[in-house]
Amino acid sequence: MLTLGHGSDVALRVSMSVFHAMAISLTVFRFIYRRRRRRLWWDDYCSLAAALGDFIFFILLWVGTAGKESYLQTQQARVLRFWLGRSSFIVVIWLTRISLALGISRIFSYPVSFRRFSIAMATGFGVLAIGNITHFVLSCRELESWHYNPRAVCDRSKSLRLYNTLANIFSDLLLFCLPLYALCRAGPSKNQRRLLLTCLIATSLTAFITIGRVVFDFAPNTWEPARGDLRVRITHLEAAISLIVCNILVVVAYCYMTFRRSEDIEISQTESEPPSTLTEISDPRTSQFDLTPPASWTGSWRTSKSSIAAVD
């Protein structure tokens, strides 16, 4: 039997709080920065929604430290806390993956197939997320006995753990292989190469954390009660790091432009290339901007140029 000491538990909670605060702050920075530059797109809204879920998850990290006489320590509150915690974690993880996939699609105007595959991958992540939440809710609703367990934790079935493991490994592998393929086959420019390398490093980090959580998911029961406590802390680390990673492309582009005083590496500098979704298409009279995918993969470049000329 393994136990987690009080001092170690507090240290882990403080460390996780730092990561949560950093992740949420980067998301707020990203949203404000993109809004001011009129480049908001669906990946930005996904990251913002993930930050809201991460904020709820962060609050729940400290709710468990309330006094024994507090309502937060009642059995009903513990059950509610589990539902909120697990649901918010699933939402954060999959929304950050969707945001990152859409963010990768914004790096390139061409090839068209690369952009389409990136957006299709984001859609696939949405389907996997729905399957994950549905499986989780149905499994825990059928087992009402955990409602009366002092820990108020639904022990996931083997099928649910297997689904989560395969879905996580598959999605992280796709997020790693996509920028790797783009580096080798898409002929990226120097600026695009920087963003793709950043994405590779970031996705590798999330993959390692996912593997660490899988180890505790399938660890023997003799590791209890430390296994359950450490698994919860790792989920907090995974959620925070995933949110940081999905914002890293915007942060790197901003830092490079600010500290190197170079061009904005988010925007293609070649006029012959069709505009990516990062290219601003705004109406100076209404200050509106286009949130739809660019004409580079839904129509011709000439159509896109004529529409911009009409706005001007």
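Here the Cβ of each residue, glycine as well, is placed from N, Cα and C on the backbone.
The annotation transmembrane segment is assigned in TrEMBL to 12-33 (among others).
According to TrEMBL, the domain 'Rhodopsin' annotation covers 30-216.
Per TrEMBL, the feature transmembrane segment maps to 45-63 (among others).
The transmembrane segment annotation in TrEMBL covers 83-105 (among others).
Annotation source TrEMBL lists transmembrane segment at 117-138 (among others).
Feature annotation from TrEMBL assigns transmembrane segment to 165-183 (among others). Nonlocal intrachain contacts for the transmembrane segment (165-183), taken as residues 6+ away from its ends with a CB within less than 8 angstroms of a stretch CB, comprise 93, 97, 100-101, 104, 107-108, 114, 117-118, 121, 125, 128, 131-132, 192-193, 196-197, 199-200, 203-204, 206-207, 210, 214, 217-218.
What TrEMBL lists as transmembrane segment is 195-216 (among others).
Per TrEMBL, the feature transmembrane segment maps to 236-257 (among others).
Residues or ranges marked as region 'Disordered' by TrEMBL: 267-312.
Within its own chain, the transmembrane segment (45-63) is flanked in space by residues 13, 16-17, 20-21, 23-24, 27-28, 30-31, 72, 81, 84-85, 88-89, 91-92, 95-96, 98-99, 102, 236, 239-240, 242-243, 246-247, which lie at least six positions past its ends and keep a Cβ under 8 Å from the stretch. Ranked by number of Cβ pairs under 8 Å to the transmembrane segment (12-33), the listed stretches 117-138, 195-216, 236-257 are led by 236-257.
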